[in-house]
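Heads up, the thing below is written out as C-alpha cells.
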Amino acid sequence: MSNDPREGATLWTVPGPVQSIQRGAAILRLLARSSGRLGVGEIATSLGLPRGTAHGLLRTLQLVGFVEQDDATGKYQLGAALLHLGTSYLDVNELRSRAINWADALAARSCESVKIGTVLDGQVLVVHHVFRPDDSLQTLDVGSLLPMHATALGKVLLAFDSGASATLGAGPLDAFTRRTIVEPRALARALAAIREVGWAAQVEEMTVGEAAVAAPIRGHGGLVVGAMGITGAVERICDAKGQPNTALVTFVRDAARAVSRDLGASRW
Amino acid sequence: MVMRYVMSIDQGTTSTRCIVFDQRGRLVSVTQREHRQHFPRPGWVEHDAMEIWRNLERIAPEALRQAGVGLEEIAAIGIANQRETTLLWDRRTGLPLRRAVVWQDTRTNALVDELAARPEAAMVQKRCGLPLATYFSAPRIRWLFDATPGLRERAERGEVLFGTMESWLIWNLTGGPDGGLHLTDVTNASRTLLMDLATLEWDADLLDFFGVPRAMLPQIRPSTETYGVASRVLPGVRIGAALGDQQAALFGQTCFAPGEAKCTYGTGSFLMLNTGTEPVRSSHGLLTTVGYQVGAEPAVYALEGPIAVTGALVQWFRDGLGLINSAAEIETLAKTVDDNGGCYIVPAFAGLFAPHWRSEARGVIVGLTSYITKGHLARAVLEATAWQTREVVDAMNADSGLALRTLKVDGGMTADNLLMQYIADVLDVPVVRPMVAETVSLGAAYAAGLAVGYWPDLEGLRRNWHRAAQWLPVMEPERRAAEYDNWCRAVERSFDWMRPRD
Ligand SMILES: Nc1ncnc2c1ncn2[C@@H]1O[C@H](COP(=O)(O)OP(=O)(O)OP(=O)(O)O)[C@@H](O)[C@H]1O
Ligand SMILES: [Mg+2]
C-alpha cells in the first residue's frame with residue numbers, strides 16, 4: 001500500500017472540484033478582503049452557506065492555523081500561519097517539545113539512541129537527541145547537520161518532500177562509505193521504495209558498523225514535518241541477513257505515529 | 001489476571017495528565033487536559049475543582065483506550081498534585097463551596113502579616129519547617145472563614161471538608177458523598193503549616209494558631225499505601241499513592257539516598273534535596289519538608305528551594321504579551337540574538353520565594369535601551385530561570401555544606417536546549433535529564449506500584465533510571481561572575497515595591 005497520494009496518480013480519473021475546498025478558499029478570500037473581523041453569521045450569509053456548514057469550515061481552517069478566532073468577540077480573521085506558508089509551519093523547538101515523551105519511550109523500548117530531524121538547506125538538522133539508555137558517555141548532537149542521502153532520517157525527509165529532493169541536484173552524491181548511495185537514479189529508486197513501505201533504513205551508508213531506521217512525523221493533513229529514528233551498531237539494528245530487525249522497525253513507526261497523532265495527523 | 005500497568009494522575013497547576021506506564025517505567029499512553037485559570041483580582045488565582053474532576057473523568061478512560069488496556073490490567077493508581085492549593089467542599093452534596101485558592105494566590109498577604117506579628121508566630125517554623133508565608137494552605141483556610149459568615153461553625157460540625165487536590169480526587173474516586181475517603185499524604189500535609197514535622201500529625205497548637213477546626217481535616221497517611229479502591233471513573237482499581245508533585249518528581253528521579261537532588265522545571269521550579277530520615281533546618285531560606293514516606297517506614301525528609309515563576313514567565317510572554325505562539329518558540333526567538341543585550345527580567349509576580357521570601361517584591365525589567373529587541377527579552381526570560389536556579393543551588397550548598405556536583409532535571413522546560421545549556425553554564429555543573437521527562441507522573445506511578453507489590457523495592461526502580469541527555473558547562477568564569485552580579489543587582493531592584501497598605 002502506498003502512503004503517497006502522488007504515486008500512481010496517472011491511473012486515477014481526474015476528479016471534479018472538491019466543494020469544501022472551494023468554500024474554504026472563498027472564506028479566506030472574504031476574510032482577506034474585509035477590513036475587520038467577521039462573525040460566523042456574516043460569513044454564512046455572504047457566501048450563501050448554512051450557518052452550520054460555515055461553522056464547520058471555520059473550525060477546520062482554525063485547526064490548521066489559516067484563520068484565528070478572537071477570544072472576546074468570537075469573530076474570525078486570517079491566521080498568522082497564512083503569512084508564512086512557505087517557511088516551516090511547525091517551529092523546530094515546538095516539534096521537540098511535542099515529541100519528547102515519545103522519543104524517550106522509543107529510546108527505552110529500542111535500547112538505542114533516538115534522533116529527530118527536519119530539513120535545513122538541503123541537509124538534516126538534528127532537532128532532538130535522546131541518548132542510548134545504557135548510561136555510557138554520549139554527547140548531545142542537537143543542532144548538528146547530517147547529509148540527506150546517507151542517513152535514514154534524511155532519506156525519509158527526501159522521500160516525502162519533493163522540494164527537499166530537488167536540492168540534491170543531478171550530479172553524483174558524496175560517498176561516505178562503500179555502501180553510500182551516490183547514483184541519483186539509485187537514490188530515486190530507494191526513495192520510491194521508502195514511500196511504498198513508509199519507513200527508511202540505512203545500513204553502513206554513513207559510517208561503517210552503524211545502521212539506522214527512521215519514519216516520518218506528520219502534521220495536519222498528513223504533511224511530513226520531520227523524521228524520527230534510531231541509530232546503533234549494525235549487529236543490534238539488523239538481523240543475520242543484514243535486514244533491519246522488524247521489532248525495531250515497529251517501535252520506530254509506532255513512535256512516529258504517536259507523535260503524528262498528537263500533532264493532529266488523524267490518519268497516521 | 002495479569003497486572004501489567006500502573007496509571008498516574010498528575011493534577012497540575014495548568015492541566016491534569018493521565019499516563020499509563022509499563023513495568024520498565026516506559027510511557028505507554030498519555031492524555032492531558034488544561035483547566036481554566038481564574039484571575040478575579042490582581043494577586044488572586046483560582047481553579048474550579050469541579051472542572052478538574054470532570055477533566056479527570058474524561059482523560060483517565062481515554063488513557064486506557066489509547067493504550068488498549070483494560071481496567072483489570074491496571075495494578076494501581078498513583079496521584080501527584082499541585083501542592084498547597086486550598087479547597088473547601090460540602091461533605092453532603094459533594095460540591096465545592098467556592099473555587100479553589102491556588103498556591104500562587106497572594107490574597108492572604110495582610111492576614112499573614114497580622115499573624116506573623118503575634119508572639120506565638122515563632123513556633124510555626126519550628127513546628128512545621130515552613131516560614132509563615134502566603135504560599136501555604138492554612139492562612140487560606142482562615143481567610144475563607146473570615147470571608148464567609150457561618151463557615152467556621154459548619155466546619156466545626158464536620159459539614160465542610162478541607163483538602164488539597166489529592167484529597168479532593170481521592171474523595172471523589174472513592175465515592176464522594178457516598179462513602180468517599182477523606183485523606184491526605186504526609187508530603188501534602190507537610191505544606192499546610194498545620195502538621196508537626198516530627199510526629200507527622202496535625203498539631204493542636206498550629207490548629208489553634210490558625211483557627212482551623214480538626215473536624216474538617218483529612219487523615220494523614222503515608223505516601224505509598226493502598227488507601228482504598230476507586231468506585232468511580234476507574235472502578236475496582238486500587239489507589240496506591242499520593243504525593244505532592246515536587247515530591248513525586250524526587251521519587252521519579254529515584255533520589256532515594258541522602259544528598260541526591262533534582263530540579264523540576266514547570267510553571268514554577270523546585271529544587272529538592274533528600275536529607276534522609278532527619279529533618280534538616282535551613283539557615284539560607286530553604287524549606288524543610290517531607291520527601292516521602294513508604295508504607296510504615298520512617299519518613300524521608302527534604303530541603304526544598306521553591307521558585308514561584310519560571311515556566312509561568314514564558315507563559316506570560318506568550319499569553320500576556322503575545323510575542324510568541326507557543327512556549328517552545330521562546331527558544332527560537334531567543335536564538336535570534338547572541339546574548340541578552342544587557343537586559344534582565346526578575347519575575348517577582350507574586351513576590352519572590354526561595355531564597356529571598358520577599359512578598360512585597362514585584363517584577364522588574366532592567367537594562368532597557370533602544371538596542372533591546374524581543375529576542376533579547378526572550379533571552380532574559382530564559383536566563384531568569386537559570387539565575388533563580390543558581391540562587392537556590394547556592395543556598396542548598398550553603399545549608400548542606402556540600403557542593404552540588406550534577407543537577408538532575410525534569411519537567412516541560414527541559415525540552416528547551418538553550419535553557420538547559422544556560423543552566424549548566426551558570427551553575428558550572430553538568431545538567432542531566434532522565435529518560436522520562438514526565439518525572440512527576442513517573443514518581444506517582446512508582447510509589448503506587450511499590451504499594452501494591454508491582455515493583456519490589458526502591459533498588460529495582462533505580463535501575464530504570466537512564467540518562468537521556470546531558471549538558472556540560474562551557475561559559476568562561478569571568479562572564480559567569482559578571483552576569484551573576486548583574487542578576488543580583490536586578491533582583492535588588494525588585495524589592496520593596498509594594499507598600500504596606502495602612
Ligand atoms: N520549550 C520550552 N521552553 C521554555 N519553556 C517551556 C517550553 N515548553 C514548555 N515550557 C514551559 O513549561 C511549563 C510547562 O511545563 P510542565 O508541563 O512541566 O508544567 P507543570 O508545572 O507540570 O504544569 P502544571 O503546573 O500543570 O503542573 C509551561 O509554563 C511552559 O511555559
Ligand atoms: Mg506539574
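Cβ from N, Cα, C; glycine included.
Of the listed candidates (B:Thr13, B:Thr332, B:Thr336), TrEMBL assigns B:Thr13 to the same sn-glycerol 3-phosphate site as B:Arg83, B:Glu84, B:Tyr135, B:Asp245. The Cβ of B:Glu84 has fewer other Cβ atoms within 10 Å than any other of the binding-site residues B:Glu84, B:Asp245.
A straight line from the CA of B:Ser15 (ATP binding site) to the CA of B:Asp245 (sn-glycerol 3-phosphate binding site) spans 13 Å. Ligand 2 lies under 6 Å from the Cβ of the following binding-site residues, listed in sequence order from B:Tyr135, B:Asp245, B:Thr267, B:Gly311, B:Gln315: B:Asp245.
Here is what falls inside 10 Å of the CA of B:Arg83 (sn-glycerol 3-phosphate binding site) among the binding-site residues B:Arg17, B:Gln246, B:Thr267, B:Gly311, B:Gly412: B:Gln246. Taking Cβ-Cβ distances under 8 Å and a sequence gap of 6 or more within the same chain, the neighbours of B:Gly412 (ATP binding site) are B:Tyr265, B:Gly266, B:Gly311, B:Ala327, B:Ala437. Max Cα-Cα distance over the annotated ADP binders (B:Thr13, B:Arg17, B:Thr267, B:Gly311, B:Gly412) is 17 Å. Among the binding-site residues B:Thr13, B:Arg17, B:Glu84, B:Tyr135, the ones whose Cα is located within 10 Å of the Cα of B:Thr267 (ATP binding site) are B:Thr13. The record assigns B:Arg83, B:Glu84, B:Tyr135, B:Asp245, B:Gln246 to the glycerol binding site, and the maximum Cα to Cα distance across that set is 15 Å.
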